[in-house]
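Visitor: Dumping what Swiss-Prot says about this protein:
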type    : residues      : note
BINDING : HIS60, HIS172 : substrate binding site
BINDING : ASP80, ASP91  : divalent metal cation 1 binding site
BINDING : ASP91, HIS164 : divalent metal cation 2 binding site
Amino acid sequence: MEKFKKAGKIASKVRKKAIKAVKGEMKILDLAEFIENEIEKMGAKPAFPCNISVNEITAHYSPPCNDDRKILPGDLVKIDIGVHVDGFIGDTATTVLVEGYEDLKNYNDELAEKNKKMIEAAESALENAINTIRDGVEIGKIGEVIENTINKFGFKPISNLTGHTIDRWVLHSGLSIPNVKGQNSHKL
């Protein structure tokens with residue numbers, strides 16, 4: 001259990017550093033390399049290639065070594081970080097609205113507000129889901145809480161992305177926690 005905790009703590013620290021590192025005009029690949037280097041500096045290894053998904057790319061994009069695309073002010077950047085310590089995995093993600101869009105002449109303020117609201121919805125859904133988790137709760141109930149929270153913000157959750165259990169050396173093991181109400185009556 002201690003190595004799971006260590007991996008989780010490193011993932012959390014790296015996530016915080018990644019949030020501060022995201023800048024307009026930065027290459028996606030440079031951000032991925034920064035994140036993976038920070039993981040290694042802290043004595044761990046990446047559990048999977050860092051995922052950096054921009055705007056309409058919802059999740060799981062890892063930039064190839066020749067990717068020269070840049071993150072721009074106003075972009076919505078989703079960062080998914082995996083850390084392992086001897087195969088014990090910590091997995092975390094966050095979403096960042098890249099600063100500097102306020103100075104752009106052609107930037108859509110309405111889109112910026114919608115993106116801020118989307119980040120707030122995701123953070124609230126996560127918090128509500130965590131508060132729902134307890135011994136004996138049905139997995140479908142957790143998904144229902146997530147879906148209801150996101151809907152209250154005027155958004156629809158992505159049904160084919162889930163939370164998941166992790167085991168040593170196995171990133172997606174056993175149970176999946178849906179983002180939507182489901183028929184899963186399996187209990188924690």
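Residue 1 is the first one shown; counting continues down the chain.
Placement of Cβ uses the backbone N, Cα and C atoms for every residue, glycine included.
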Visitor: Calculate the distance in Å between the alpha carbons (Cα) of HIS172 (substrate binding site) and ASP80 (divalent metal cation 1 binding site), and round it to a whole number.
Guide: 14
Visitor: Quick one: pull the CA-CA distance for ASP80 (divalent metal cation 1 binding site) versus HIS164 (divalent metal cation 2 binding site), whole Å only.
Guide: 14
Visitor: Where HIS60 (substrate binding site) and HIS164 (divalent metal cation 2 binding site) are concerned, what is their Cα separation in Å, rounded?
Guide: 15
Visitor: Report, in whole Å, the straight Cα-to-Cα distance of HIS164 (divalent metal cation 2 binding site) from ASP91 (divalent metal cation 1 binding site).
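Guide: Given the Cα positions, ASP91 (divalent metal cation 1 binding site) is 10 Å from HIS164 (divalent metal cation 2 binding site).
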